[in-house]
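Asker: As annotated in TrEMBL:
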| type | residues | note |
| --- | --- | --- |
| ACT_SITE | B:D432 | active site, 4-aspartylphosphate intermediate |
| BINDING | B:D432, B:T434, B:D873, B:D877 | Mg(2+) binding site |
| BINDING | B:D432, B:K433, B:T434, B:E561, B:F608, B:K631, B:R665, B:T746, B:G747, B:D748, B:R847, B:K853, B:N876, B:D877 | ATP binding site |
| DOMAIN | B:53-107 | domain 'P-type ATPase N-terminal' |
| DOMAIN | B:899-1150 | domain 'P-type ATPase C-terminal' |
| TRANSMEM | B:312-335 | transmembrane segment |
| TRANSMEM | B:367-386 | transmembrane segment |
| TRANSMEM | B:930-948 | transmembrane segment |
| TRANSMEM | B:963-983 | transmembrane segment |
| TRANSMEM | B:1010-1030 | transmembrane segment |
| TRANSMEM | B:1050-1071 | transmembrane segment |
| TRANSMEM | B:1083-1100 | transmembrane segment |
| TRANSMEM | B:1120-1140 | transmembrane segment |
Amino acid sequence: MKTYYYSLLQPILFLPQITNADMNPVTNGALKSKKTSKKPEYSRFTQQELPAWKPILTPGWVITSFLAIAFLFIPIGLVSLFASERVVEIVYRYDQDCVPEMYRGNVSAYIRNSLTNKTCIGNITVPKKMDPPIFVYYQLDNFYQNHRRYVKSRSDKQLRSAAYESSTKECEPEARFNKSGDPVPIVPCGLIAWSLFNDTYNLIKKDKVLNINKKGIAWKSDTKVKFGSNVYPKNFQSNDLIGGGKLNESIPLSKQEDLIVWMRTAALPTFRKLYGKINTSLEAHDTITVVLENNYNTYSFGGQKKLVLSTTSWIGGKNDFLGIAYLTVGGICLFMALNFILLYVFKPRPLGDPSYLSWNRKAVN
Amino acid sequence: MAKGITAKLLRSSLYTLTNIRTKPSYKKEAAATEELSGYPRVININQPAVPDDTQQPPIFCTNYVSTTKYTLFNFLPIALFEQFNRVANFYFLVAAGLTFTDYAPFDWPSQVVPLALVVGFSLAKELYEDLQRHWQDMTANCQKAAVHVKNGGFETKQWREVCVGDIVKVKKDEFFPADLLLLQSSYEDGMSYVETMNLDGETNLKVKRALQNLSLPAAVDDDKASHFSDFLATIRCENPNSNLYTFTGNLEYNGHIYPLDPAQLLLRDSKLRNTEFVYGVVVFTGNDTKVMQNTTQSPSKRSEIELQMDKIIYLLFGLLIFISIVSASGFGLAVRNTIRSWWYLVPEIPGEDFDINNFVASGLRHLVTALMLYGYLVPISLYVSIEAVKILQARFINNDLHLYDEVTGVPANARTSNLNEQLGQVDTILSDKTGTLTCNQMDFLKCSIAGCPYGKRPSEVELAAAKQMAAQDESSDGSLSDSSSLEAITVTDDGNINKKASSIKGFSFQDDRLEHTNWLKEPNSDVILLFFRILAVCHSAIPEISEKTGELTYEAESPDEGAFLVAAREFGFQFIKRTQNSVVVKERLKKDQEPVEKEYSILTLLDFTSKRKRMSVILRDESGQLLMFCKGADTIIFDRLASNGKTYLEATTKNLNDYGEAGLRTLALAYKKLEEKEYSDWHEKFHNAQISSGSNREELLEELSDEMERGLTLVGATAVEDKLQNGVPECIDRLALAGLKIWVLTGDKMETAINIGFSCSLLRQGMKQLCIVVSAEMLAEAAKDVVKENILSQITTSMQSIQNKKEPHAAFALIIDGKTLTYALEDDMKFKFLNLAVNCASVICCRVSPKQKALVVRLVKEGTGRTTLGIGDGANDVGMIKEADIGIGISGVEGMQAVMASDFSIAQFRFLERLLIVHGHWCYKRISKMICYFFYKNITLALTLFYFEAETGFSGQMHYDDWYMLLYNVFLTSCPVLALGVLEKDICAEFCLQFPALYQQGPKNLFFDWYRIIGWLANGVYASFVIYLVNIRIFSPESFRKEGQTADMYVIGTAMFTSIIWVVNVQIFLVSHYLTSVQLHTIWGSIVVWYLIVYIYGLMPVQWSAGNIYQQLPEVLGPAYKFYLSTVFVTILCNLPYLIHISYQRCYNPEDHHVLQEMKNMKKDVTDRKMWKREQVKATQETEIGLSARVDARMRMKGKTTRKYSSLAYSSS
């Protein structure tokens, strides 16, 4: 083992190779003549004679590798597609329907007014049987959670521990609340928390309320470490400008899982976030009544809001792309393999054929 | 130049801090005294620092010589300045500065740490290299010299303490510490001999003469020279200049004024020879010395590839600016149009990032951010990686046992590492002759006496040609079994080496008919006797008895003469003594008899000059017979033969042709019997002419000599081998076959140069020699315009004869001498000259000065735009070595100047072959592959940032953690590419040498052309696109795992980064032809290390990390199958086009090295030797020089001489 590591280090440090001098006539001669000479030490490394794997793309290798990719990818593609097909997904867009007729002309007045009735009722039909757990998501569109100003505007320290309550430097412009002339820190501060999504969903199946479990939707590392159990919301949404949802000041942040989920900023302007889970199964053709509070303002920037119910399989939610992509590339490789097979059959180039050397080709032309 | 000197002076004084006297003020003083004497430089002998009463003491620079680039104090500022002078580094410096502001899209370490590493590494390298230079300077500066202190006493001082005005004593075989004015030598008449090999490459001794009439007391060789204690004199002379052969001034002593000329000047770096000691006064010191004035500032050399790389970097900067502008305008537009409705950003409050009321300012602000964000397009670590790779490559060169000279024990040394890949792109080699191609040793090899050729040993050229013929023979008809003929040749080789070791220096003659007094039995023994006598008597050498061994050595003006004398001694005619007017020779005229001493009184000696091309001695032998012995160039002698002296003319001419063909240098020997009357009449005239002082004295003498040297009788001819260094003809041949052009630039006489041209196969019989020469008369008399016109017409006629050539195989050689070259190199003519030279197969420039060598190199370099390589061994080659794209110094016997100025040093010329064809080829391919890949991997990363940024409303947000970016270039992807740059090999060394045509891939730049570069850039763009889109589409928007969670920004970032790591590592795997354990370990290691980093970094407490990826791998991504599926898919899809490309290329358009790799793999080199040999022959460039060309021509001409030659090869074994 020692020699193994030595041989690994040797090239990097230009250490002399530990070899039996007798094995090598060159070194042998040198040793005999004089020791003080400037003669370079022989080692396979310094003489660039290290044993090496010299892969050559022979027809065999080419065809084998394309076939191998094809035979690997096509089954994966099929399996993924199958997994995706098994997933049942219901997407219910409600942002337009949930605005009462009278406000359609002035949506922002409706949504900004805390006094208007935001409750909205809709129906969705289950296309296929859905086995629990069924995940409830909300999907927003054209919402740039990934905007730099937005992403930066949070204080991880403050979220983590009550000791850092006043570390709100990064949270501008939603850092402090001017409490009678004395700026006090907002907990949780920053734009992300401030714009917390606050639509609520209630699902009713045949007059029976489906229980949406909102626990266990956040990552463990978030609830355990990144959001402190001794950090309680303070001065939240107290400024004149109210963004999104409010928080219960008696519940520590680590328990406010919808906030935690929201705080993990999405990569793209169209994103889905977990709202809760349903642990009962839904039969095909069930009609479910959705009673929702349409509080969140996506109207001013023209974003859509969708409610999504979805099961999962091992590849997660419904996603045909993966399967199709695998199948396509597998297909291409199969095609390439056949192509090369045909080429080698009908127009072979013998390996190491000297007539392909440039000087010989020049002579032909 | 003057400015440079002052700067250097300032620096050197700062550097030492020992010499307070040094002030660079001699110029001021110079102006003051110029009017007084006409000579600006005033030196008071023996009072170096005593002030004059009227003006400031003349202060000259010290004798301290410094070639270092930096001093202790300016190292940091200058080196840093140089670092940030590179556009890329400067950009990163600014970017690093900006990371401390709000503009930065990331934290400061991600910019500052890589920059610090990169610059720190480069600084360390600079420091190391400069320290080495400093040590070399120190050894020169600390040599010891004996300096007169007072009362005739001498004190040993270091060279650097020697001052202008000091009297210095230099002993035999010592170097002069500065430029000295010779005052006195151990000879009474003030003669001394110096060897100026280091300055002009000439090995013959030059005579220097002290001032006559100074009437100094006789010099005794002891430690005191009391006559100097009160020797006060003043020298007024010209200011320091670079001209080696001029010096004017005068010396004022005891009220007399003596004029001074170059004959009194002993130059630094030349050596005292043959003279016990000299006293001299220091005239020029340190940087003022002629040799230092001749050193031009070594320009920092950059390789072709690096220059092209700079262009790519500019291209990438262009791309960077373009996407930054796109990004900035996108952002500006967003601020103007859409952001005001994004209430969750509270857009109405202007922040540090944008202000919706001023979208232009916001856009401009964002431009700065974007320029930093996309900075990853420009690989920060590229320069430093290349430097690291080149250092390792250089160590391979240094450690190559095939470049190690067993005899001298000197390995190759890559002194600068930034030209490695340039070695693979050389187009023209400009070589010095003496010491580079030849060992500077003449060997008496053959002779023709009375028309009968003697001497059986073949010359090296013959041997090499025979070998070649044998090899071709073998490949053309397979009747000879491979192994036996190969063996025969190897045996020949070994035999030779053994014989050489035992033979006498200067004498390689082997023929029993003449040796051991056997010549007495030969038919023409009287002629042979005469021949030997001429050898022993007709010369101007001095015998010297070595104190240690008691052996006689000869100090001859030319090495040929030395060889003749050694030959004569071996034949039994030992020259033992020369007096004022006689020569004593010990002759062994009978076998088993003691040699008899014979004294020949020399009556007149007609010297050898390059114009006369002959020398004669008129002597009286012991019997009182008057004889004239004459030796000279064959054509000259043949013209002067008496009608009855041509008995052997025909046979001798034939022999001479053979000798010429064998690459030997020949002289013809002749004699004439004189009548007393005839001689005394002539001598009277001659003597009168000698003492006359008319202007036509020279002409008169010339005429008289000519008159005397007529009516000669031919005795024979000698053939001397100007010993080529081991393997030179073969090496030249191989280099020529690889398509390299070889020019020889030598300080030697034209004849010598032509001879060497023959012996190293640059010239051959049947080649048309185009000599462009202007006669001395014309130079002296005609106006410049006329001379130029004459040269121009010569060039034009030569050009026409090339254009009108009739035979397809006619080859032309251009030979031009230094004086003509002076004109030919002038602006209006140089391109005509170059055009002619390029059309000739070989070019030989003779009698060129060091400066002209450099000018020729510059002309070729700039005129053809190709890569030039200058190779030489003496100080006279320094200019050329520095001027050429690559300078190579031969670390031979002629001092270290050439080596110090060179980029690479090798022990022997023949190592050039391996250095270029193997190392150069490899380095070229390695570096070009490496750079292409480097750009690819950075584009791949940087563009994913751009796509993502576009999705964030161009706000400058990154989806990677800062640390990923930091580690990407300096750690995560650096090792495989370093390993590639150091170890990649397309084909093994033997194949490189066997198929010289492969070398042309370099000069043609097939692997770093724009086609290939753009291809790689496009590959990077494609990869980034696939990586981004596929990952985004796979991970968003639905849940990515069974537990239903969706991916946040950093999860997608990590998944994407994982794909990048895989893609670029698989790509480098596909690029490699040669995967040692090092490459495999680094490639797999990088991937494994990436996962480890994500894992460990994710485990770090959130207080320490940014927390973005806390627990990400174990909790979030690890259990998700999609994570692995996306990685595999993206990796394959990104590399698929490249894989298809190389598969098709292999299939239908394989490159040479592909086919050779396959052959090697199939062991065709062993199984199908016939084909293998045939292809080797075909893989050569059409060449008109070198052994192969000679063999070709031979075969064309005679067809069947092959047998003779191959038999020769066997017989000599």
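Using N, Cα and C of the backbone, Cβ positions are placed for all residues, glycine too.
Thinking about packing and proximity, how do these listed features fit into the structure?
Answerer: Of all the Cβ atoms in the protein chains shown, 35 others lie within 10 Å of the Cβ of B:D873 (Mg(2+) binding site).
Annotation note: B:R665 (ATP binding site) sits in a strand segment as assigned by DSSP. Counted within 10 Å of its Cβ, the other Cβ atoms near B:R665 (ATP binding site) come to 23, all protein chains included.
Taking Cβ pairs closer than 8 Å, the transmembrane segment (B:312-335) reaches residues 87-88, 91, 354-356, 359-360, 362-364, 366-367, 370-371, 373-375, 377-378, 382, 931, 935, 938-939, 946, 949-950, 953-956, 1013, 1017 in its own chain, all 6 or more past its ends.
Within its own chain, the transmembrane segment (B:1050-1071) is flanked in space by residues 929, 933, 936-937, 940-941, 944, 958-961, 964, 972-973, 976-977, 980, 1019, 1023, 1027-1028, 1030-1032, 1034-1036, 1040, 1083, 1086-1087, 1090-1091, 1094, 1108-1109, 1112-1113, 1116-1117, 1123, 1126-1127, 1130-1131, 1134-1135, 1138-1139, 1142, which lie at least six positions past its ends and keep a Cβ under 8 Å from the stretch.
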Asker: Over the span of the domain 'P-type ATPase N-terminal' (B:53-107), how high is the average pLDDT in this prediction?
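Answerer: The average pLDDT of the model in the domain 'P-type ATPase N-terminal' (B:53-107) works out to 77.
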Asker: Which sequence positions outside the transmembrane segment (B:930-948), separated from its termini by at least 6 residues, show Cβ-Cβ distances below 8 Å to it?
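Answerer: Distal contacts: 305, 309, 312, 316, 323, 327, 373-379, 382, 385-386, 389, 957-960, 965, 968-969, 973, 977, 980-981, 984, 1008, 1012-1013, 1016-1017, 1019-1021, 1023-1025, 1027-1029, 1056, 1060, 1063-1064, 1067-1068, 1071.
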Asker: Sort out the residues at least 6 away from either end of the transmembrane segment (B:1120-1140), same chain, that have Cβ-Cβ distances under 8 Å to it, and list them.
Answerer: 1019, 1022-1023, 1026-1027, 1030-1031, 1034-1035, 1040-1041, 1055, 1058-1059, 1062-1063, 1066-1067, 1070
Asker: Which number gives the other C-beta atoms within 10 angstroms of the C-beta of B:F608 (ATP binding site), all protein chains shown included?
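Answerer: There are 20 of them.
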Asker: Kindly assign B:D877 (Mg(2+) binding site) to one of the three DSSP-derived states: helix, strand or coil.
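Answerer: Once the DSSP labels are grouped into three classes, B:D877 (Mg(2+) binding site) ends up as helix.
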Asker: If you count CB neighbours within 10 Å, which one among the binding-site residues B:T434, B:N876 has the smallest count?
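Answerer: It is B:T434 that, of the binding-site residues B:T434, B:N876, has the fewest other Cβ atoms within 10 Å.
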Asker: Six or more residues beyond either end and a Cβ under 8 Å away: which residues meet both conditions relative to the transmembrane segment (B:1010-1030)?
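Answerer: Non-local partners: 308, 312, 315, 928, 932-933, 935-944, 947-948, 1056, 1059-1060, 1063-1064, 1067, 1126, 1129-1130, 1133-1134, 1137-1138.
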Asker: Quick one, of the recorded positions B:D432, B:D877, which Cβ has the fewest other Cβ within 10 Å?
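Answerer: Comparing Cβ neighbour counts within 10 Å for the recorded positions B:D432, B:D877 gives B:D432.
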Asker: What binding-site residues among B:F608, B:R665, B:G747, B:R847, B:D873, B:D877 are found with a C-alpha within 10 angstroms of that of B:D432 (active site, 4-aspartylphosphate intermediate)?
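Answerer: If one measures from the Cα of B:D432 (active site, 4-aspartylphosphate intermediate), the binding-site residues that come within 10 Å are B:G747, B:D873, B:D877.
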Asker: Restricting the comparison to the binding-site residues B:T434, B:D873, B:D877, which residue's C-alpha is spatially nearest the C-alpha of B:R665 (ATP binding site)?
Answerer: B:T434
Asker: Sorry to bug you, but what's the C-alpha spacing from B:T434 (Mg(2+) binding site) to B:G747 (ATP binding site), rounded to the closest Å?
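Answerer: So the alpha carbons of B:G747 (ATP binding site) and B:T434 (Mg(2+) binding site) sit roughly 8 Å from each other.
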Asker: Tally every other Cβ atom lying within 10 Å of the Cβ atom of B:R847 (ATP binding site).
Answerer: 20
Asker: Test of understanding: give the count of other CB atoms lying within 10 angstroms of the CB of B:G747 (ATP binding site).
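Answerer: Its Cβ shell of radius 10 Å holds 28 other Cβ atoms.
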Asker: Cα distance, B:D873 (Mg(2+) binding site) to B:R847 (ATP binding site), nearest Å?
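Answerer: B:D873 (Mg(2+) binding site) has its Cα 16 Å from the Cα of B:R847 (ATP binding site).
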Asker: By DSSP assignment, list the helix, strand and coil residue numbers for the domain 'P-type ATPase N-terminal' (B:53-107), in that order.
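Answerer: Final tally across the stretch: 23 helix, 0 strand, 32 coil.
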